[in-house]
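S.K.: Could you have a look at this structure, given as structure tokens, before my questions?
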Amino acid sequence: MKFIFITGGVVSSLGKGITASSIGRLLKARGFKINMVKIDPYLQIDAGTMSPYEHGEVFVTDDGGETDLDLGNYERFVDIKLSANNNITTGKVYWSVLSKERRGDYLGKTVQVIPHITNEIKELIKSTGTNCDITIVEIGGTVGDIESLPFLEAIRQFKKDVGDNNVLYVHVSLLPYIKTAGEIKTKPTQHSVKELRGIGIQPNILVCRTEIPISEKTREKLALFCDVEKDAVIEAKDARTIYEVPLNLEREGIAKLIINKLKLNTNNSKPDLKEWRAMVDRIVNPLNEITIGIVGKYIMLKDAYTSITESLVHAGAKHDTKVNIEWISSEELRDETYKETMDKLVEDEKLDGILIPGGFGERGIDGKVNASKYARENNIPYLGICLGMQCAVIDFARNVCNLKGANSTEFDEGAPFPVIDYLPEQRDIEDKGGTMRLGEYKAILKEGSLAQKLYNEKEAFERHRHRYEVNPEYHDILTENGLIISGTSPDGKLAEFIELDTLTHPYFIATQAHPEFKSRPNKPHPLFDGLVKSALDKKLKK
């Protein structure tokens, strides 16, 4: 097996994850089996208990792993399914080592960072890629962070453990452009590489993030001072879309460098990127344009909704349509003035569809319920996800079924009509971490329903992350008043999908699941595809 390690320097949020994903895409396009790993040097076991403001989106895997959002990019770019094991945290490493110590596995030896922590890191990395040709590992954070040192030491040791021809180091760094001087500065990258070399890691490839093209002189300077080949200084200029990055890196020759350094055997030196290029072309050269309003409580940090926004991009690309996003704070829709706010957005052509994503807690919940009501009453295409489905049910119960005060017990334990309540198995759970209904579950779709037509299947398999459900005691009154429960768990007890009749509303559907985690650039998720198509049809009819 071959290993590629991606590190970052100078500043965070440089795009290490997109770089790793793009390399994975290029190598898969040449026929290699790819495995991806993200290392996060924080002390949590996983990302499940972290605030979206701290961490961004929690990406859920099929097996129920609550992971870093970069795993979402890996899955989307490389079109693979990952597991909880593909996200390694400091907490997970120490938990494993300390558990072994308590069991006596170390036979009385002094347990230390080296070799015990570093050995554990190496074993965890190796265990994820047993059925692949290449494992790509992204080290979170920036070179120089104290939290990253054990991981950097572990990947340094890999070269000795598995051989020089089986390990490659890629360093992603920033080349700041000073406008007043009119030049790119290489010194921060030089210092970053010096720091990395001080740990014992010599990068094989430099990926240089830049606003403007890199001159030959700059490449030569970086090659000299960072001790890499000139053709291994890769320009990573700002792209029009993240999906353009693999194409840019391919033009820079990064895949050929990797193949040569790792001595990879390939019968396909030219990658199959035809469909990918066509998809990128549709994104950057759209024929149409729509705006979807996302009503959320974490809109100050867009990373909290990464998979949702990317799913809209995928669906838009299929329909040659640019999907603009109007970010709407749910707290601004709490009172009756919400109608004026929404009317103004419609008037300004900024509301061709409404999407309410998942979330937790009471803050802003009334605004989400009002947004669902507005979509229902004004025939605006609507997609509700997780909490977005629960809000649609609360609105329907209050305003159609006339169950005044209907609510979720998450927000009002004494609600007169608890139309949303704990899942039975969740009621007595006190721990927060890893205890929700997590991972992939099957739903049976109602024949002839909108959900069934969108999926074009009798069953749907989606990922979940929730503690609450539509209270089964209220299924009958909801359906008697016109709500369609169009998908349920195999035993028929848990409502997985709800919708309105397409004769009364063009597109109103919601799911307890998180469909955004399964959308792919060349295979948009059916629910997002339906939302974009309905919103586009509505706009073109005006």
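Using the three backbone atoms N, Cα and C, a Cβ is placed for every residue, glycine included.
What you are looking at is a predicted structure, and each value in this text was computed from that prediction instead of being measured.
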S.K.: Using only what Swiss-Prot says about CTP binding by Ser12, Asp145, Ile146, Glu147, Lys185, Thr186, Lys187, Pro188, Thr189, Gln190, identify which of Lys38, Lys122, Lys217, Lys221 is listed for that site too.
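M.R.: Of Lys38, Lys122, Lys217, Lys221, Lys221 joins Ser12, Asp145, Ile146, Glu147, Lys185, Thr186, Lys187, Pro188, Thr189, Gln190 in the CTP site that Swiss-Prot records.
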S.K.: Among Asp63, Asp68, Asp70, Asp79, which residue shares the ATP site with Ser13, Leu14, Gly15, Lys16, Gly17, Ile18, Lys237, Asp238, Ala239 according to Swiss-Prot?
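M.R.: Between Asp63, Asp68, Asp70, Asp79, Swiss-Prot records just one in the ATP site with Ser13, Leu14, Gly15, Lys16, Gly17, Ile18, Lys237, Asp238, Ala239, namely Asp70.
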S.K.: Starting from the L-glutamine binding annotation in Swiss-Prot that includes Tyr53, Leu387, Gly388, Met389, Gln390, Glu410, Arg467, which of Gly359, Gly361, Gly439 is the extra site residue?
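M.R.: Looking through Gly359, Gly361, Gly439, the residue Swiss-Prot assigns to the L-glutamine site is Gly359.
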S.K.: As a test of the contact definition, list every same-chain residue at least 6 positions from Pro188 (UTP binding site) whose Cβ is closer than 8 Å to its Cβ.
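M.R.: Expected: Gly9, Val10, Ser173, Leu174, Leu175, Pro176.
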S.K.: For Arg467 (L-glutamine binding site), which DSSP three-state class applies?
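M.R.: In three-state terms, Arg467 (L-glutamine binding site) counts as coil.
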S.K.: Within its own chain, what residues at least 6 apart in sequence put their Cβ under 8 Å from the Cβ of Gly15 (ATP binding site), listed in sequence order?
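M.R.: Counting only residues 6 or more apart in sequence, the Cβ neighbours of Gly15 (ATP binding site) under 8 Å are Val172, Arg209, Ala236, Val245.
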S.K.: Please compare the binding-site residues Ser13, Thr186, Thr189, Gln190, Gln390 by how many other CB atoms fall within 10 Å of each one's CB, and tell me which has the fewest.
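M.R.: Looking at the binding-site residues Ser13, Thr186, Thr189, Gln190, Gln390, the Cβ with the fewest others within 10 Å is that of Ser13.
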S.K.: What residues, ordered by sequence, lie under 8 A Cβ-to-Cβ from Lys221 (UTP binding site) and sit at least six positions away in the same chain?
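M.R.: Non-local contacts for Lys221 (UTP binding site): Thr186.
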